């Protein structure tokens, strides 16, 4: 595309932005007005993509990390020929619109990730670039680069102030993710005013210290943008391209001020902006007519690029049928199929033996990775304690790209966002691991995964007061309830080693949201199951009967995780007809319906046993009928902490007998 055409495209982006935000009476005009030239360069020339096929695998990915500037993206997608109509633009920020206030994955063709919470977009972009590097090492040959694309992101000062951006950028530099190119819209303005108030550091030096290539130019020089992007592509380091800009450019009433950030220009402001831009104030949603032919030509060129790749892919498939078979296995819907999982042999766990569910998880993960090479992930500096140091998962590094294990370092938030990016990219099934109590560090990324309904997996060990000596800073009590409170999240808390295998199967077959696998530090026994069909029951219903309690149980204990063993001991001690139910997944159990719940519960009175707060169990039992923990723990051996808190089998017996008196 010529510079003249890109100028016309930038003008059209500004026009659509002004009118869409004014019509909605809501939005953020500052960034789209200030960065329209960049969008014109990207979508007019730089990006390797195909608007007619937004899911083409080898496309470049663009992530608008500064998601509040969504009209920049929607306007560019509309002009480029994506299935985003002018009517969609006119319905910006309206209920049911394909152009919501912030970009939403799955809502708008061409939107690669849900963004808006600042810093997470660049972090997911790191995940995209990491996935590209892994897959390129696995599938490319000297003659066939079937995985060869770049990830671009646009950030502002707000993104770079967020800690998660620092975490992810540090990781990207360490791993030398050279296919990652980040544009920094440097306008020195945030909502509160000049960034002199809040952001005095030298960003360029900071990113150089991370191991990035740093380049500088003007947002309003097409030559700068094109040349700097070409320079970035030649370097094997991630690149930060700092583009000096003016927020709200072209709108005289707000240009260069914080007033441009997050409010419509108003009738007078719109009129003045259109005059300044050389537009007719009476004309709304203007698109330069000369763009029609230019953009149609560009769209045809993009389709031809995909056609050329398809030819390359078919030649590669013919020459390397084993690699093609691995490719097909990696790209099944959801990343893992039932038939693939059927080939995984469950490790042998001796009945009556005792081991921590985190240890069992490590054995299961090793078995899974030996069959599923696209299962990848890592830990936030807890590889051993999280039991994810499995022999079948080789480390990934700047020097060794074919590995599948990521040393994320002490960067929980970035880890989760990077896992989300890897999951969005496709071709991999990704997990991240840490102590359960530190899931609070990455909760916003878990929430975005839930909002996007992507099946990121999070392995959370050290799940209760039985952590012991590390004390209450490391003993989660409120965390189970907090995780379960997020819509679309599955929380799986297995009671023993065999349930841990089932938990991983459920997690990997789940496709409509993230999964948290919650695991114990302490040993728990592998117990006999009273129902031979317990595996299918727990997969379908999230819970199953561990102890029948006779033909007509007097009372049922609902328990999860390590408290299932506690409940079994209490049932035995009570000498009453007590049924024990293991609730592996409370969300599935509660969604199973009244009939299934009654069958599993047995129609008896209910007591709950769980080493966490009462919140979330109110529909099943009153607080006084539950053995729960509504207080923090203490430092000491786990069993002694439990005794001190009266969280014991004997305490549960007392509740049971009182309830049956």
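Numbers here mean position along the shown chain, with the first residue as 1.
Cβ atoms here come from the backbone N, Cα and C positions, even for glycine.
Record features, source Swiss-Prot:
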type     : residues                              : note
BINDING  : 28, 261, 358, 462, 470, 521           : substrate binding site
SITE     : 28                                    : site 'Important for catalytic activity'
BINDING  : 68, 116, 117, 118, 158, 187, 261, 438 : thiamine diphosphate binding site
BINDING  : 157, 187, 189                         : Mg(2+) binding site
SITE     : 261                                   : site 'Important for catalytic activity'
ACT_SITE : 412                                   : active site, proton donor
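Look at residue 189 (Mg(2+) binding site): DSSP puts it in a strand. Among the record's substrate binders, 28, 261, 358, 462, 470, 521, no two C-alpha atoms are more than 48 Å apart, and one pair sits at exactly that spread.
Taking only the Cα positions, the spacing between residue 261 (substrate binding site) and residue 117 (thiamine diphosphate binding site) is 15 angstrom.
Checked against residue 521 (substrate binding site) by C-alpha proximity, the binding-site residues 116, 117, 157, 187, 189 yield 117 as the nearest. Neighbour count (other Cβ atoms within 10 Å of the Cβ, all protein chains): 22 for residue 118 (thiamine diphosphate binding site). Site extent for thiamine diphosphate: the farthest pair of Cα atoms among 68, 116, 117, 118, 158, 187, 261, 438 sits 35 Å apart. Non-local contacts of residue 28 (substrate binding site) by the CB criterion (under 8 A, 6+ apart in sequence, same chain) comprise 21, 68, 69, 70, 71, 261, 262.
Using a 10 Å Cα-Cα cut-off around residue 157 (Mg(2+) binding site), the recorded positions 116, 358, 412, 462, 470 reduce to an empty set. Checking each of the recorded positions (189, 358, 412, 470) against residue 158 (thiamine diphosphate binding site), the C-alpha distance stays within 10 Å for 189. Applying an 8 A CB threshold to same-chain residues 6+ apart, the list for residue 189 (Mg(2+) binding site) reads 30, 157, 195, 247, 256, 257, 258, 260, 261.
The recorded positions recorded for this entry are 412, 462, 470, and the Cα of 412 lies nearest to that of residue 438 (thiamine diphosphate binding site).
Looking only at Cα atoms, residue 116 (thiamine diphosphate binding site) sits nearest to 462 among the binding-site residues 358, 462, 470.
In the set 117, 118, 187, 412, none of the recorded positions has a C-alpha within 10 Å of the C-alpha of residue 470 (substrate binding site). When Cβ atoms from all protein chains are considered, those within 10 Å of residue 117 (thiamine diphosphate binding site) total 19, not counting its own. For the recorded site, residue 358 (substrate binding site), the DSSP three-state label reads helix.
Among the recorded positions listed (358, 412, 462), 412 has its Cα nearest to the Cα of residue 117 (thiamine diphosphate binding site).
For residue 412 (active site, proton donor) paired with residue 358 (substrate binding site), the C-alpha to C-alpha distance reads 18 Å.
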